[in-house]
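Novice: Dropping a structure here in structure tokens format, bear with me for questions.
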């Protein structure tokens, strides 16, 4: 028989089933990162640095839960459920906190509550559907769920979770029938990406974002297969070193344009650098971009976003600064030199940025990592680009060059 959970229960004593439930709450939206950076040593220093966090993220590639591994590792320090719940509440993870110690969560906290109905204020409801009900039914997890009419094409199957489920019609209601007009002109459209459109809505006096996924209808599976055969299997030659230098320069120019206009991209990575038919680099995907009024200042955010294998140490702590883009670009430069992906669980080191440490420790040289498939290798310019990458990857943000300096250094390579 399981012992009751109390504040003094050790985290390492929690059963696997409960850890899995906690992970279901914390894994989505990379909430575990927020928890990890909040965990401290007895000295007050951070227990987990960016290298630890990147290794936790690498577990996703194997199907493991970063939250589960984080709690397992932290549990070896004899931390208690009370310690964990305190951190969860501080970081507004109220649902998992109440799962452990229900009485510890303040009664005033509204976690999109488990009520029989979620009311939409009349003055906040969209003009669309004024004659419709202003109450959106939401299932109470303690009640038995009655499945929707399977004859309805819009019905959605609801899994047995503690998450609320909304029908398609309810989502239409709170988003003003998916109003395509921008918010600035009274509509509901917040933004658009490759996977769909995000709309603003109101539920229970709270602003919510609703993402309507877009179906890929322009290309068939067979066409994708043919494209793969043509571009990959037909021995398409790798990019030459000269071409890679041009791409690096073009990407730096794009970042410079953003920084000059007081924009921080926050997700610089090779997947977000597109090439046109002339192999001109274009920075893409501005979904995480953030404006900065006073560019010399660092802004803090409670939401940690980005791609961990490219993220600077301060970005993992929630700092927003243009120097984080510089760090990420340093990883991209390593990819350009080596032809290796930023993270590979089957490789040592798993994180490409860790080769910098190996080179500094004189275990290896950059020549050991050069992409040998290039037919125009120039060791002098490669060493120069590696020097730029190394400067970009400095642990301390103030020691990194700004994008203008990076541009200047890369121009010296392309001009030679």
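Glycine is no exception: its Cβ is also placed from the backbone N, Cα and C atoms.
A quick note: this is a predicted structure, and the numbers were derived from the prediction, not measured.
As listed in TrEMBL for this protein:
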DOMAIN    56-410  domain 'Protein kinase'
BINDING   211, 269, 270, 271  ATP binding site
ACT_SITE  267  active site, proton acceptor
Novice: Using C-alpha atoms only, work out the spacing between residue 211 (ATP binding site) and the residue listed as 'active site, proton acceptor' and round it to an integer in Å.
Specialist: 20
Novice: How many neighbouring Cβ atoms, not counting its own, are there within 10 Å of the Cβ of residue 269 (ATP binding site)?
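Specialist: A count of 19.
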Novice: Quiz question: given the recorded positions 211, 267, 271, which has the greatest number of C-beta atoms lying within 10 angstroms of its own C-beta?
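Specialist: That would be 267, with the most Cβ atoms nearby.
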Novice: Tell me, by DSSP, whether the residue listed as 'active site, proton acceptor' is helix, strand or coil?
Specialist: coil
Novice: Looking at Cβ-Cβ distances, which residues of the chain lie under 8 angstroms from residue 270 (ATP binding site) while being 6 or more apart from it?
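Specialist: Sequence-distant Cβ neighbours: 332, 335, 342.
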Novice: Check the domain 'Protein kinase' (56-410) for me and report the mean pLDDT.
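Specialist: Averaged over the domain 'Protein kinase' (56-410), per-residue pLDDT gives 79.
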Novice: Roughly how wide, in whole Å, is the group 211, 269, 270, 271 that binds ATP, by largest Cα to Cα distance?
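Specialist: Site span for ATP, by Cα atoms: 25 Å.
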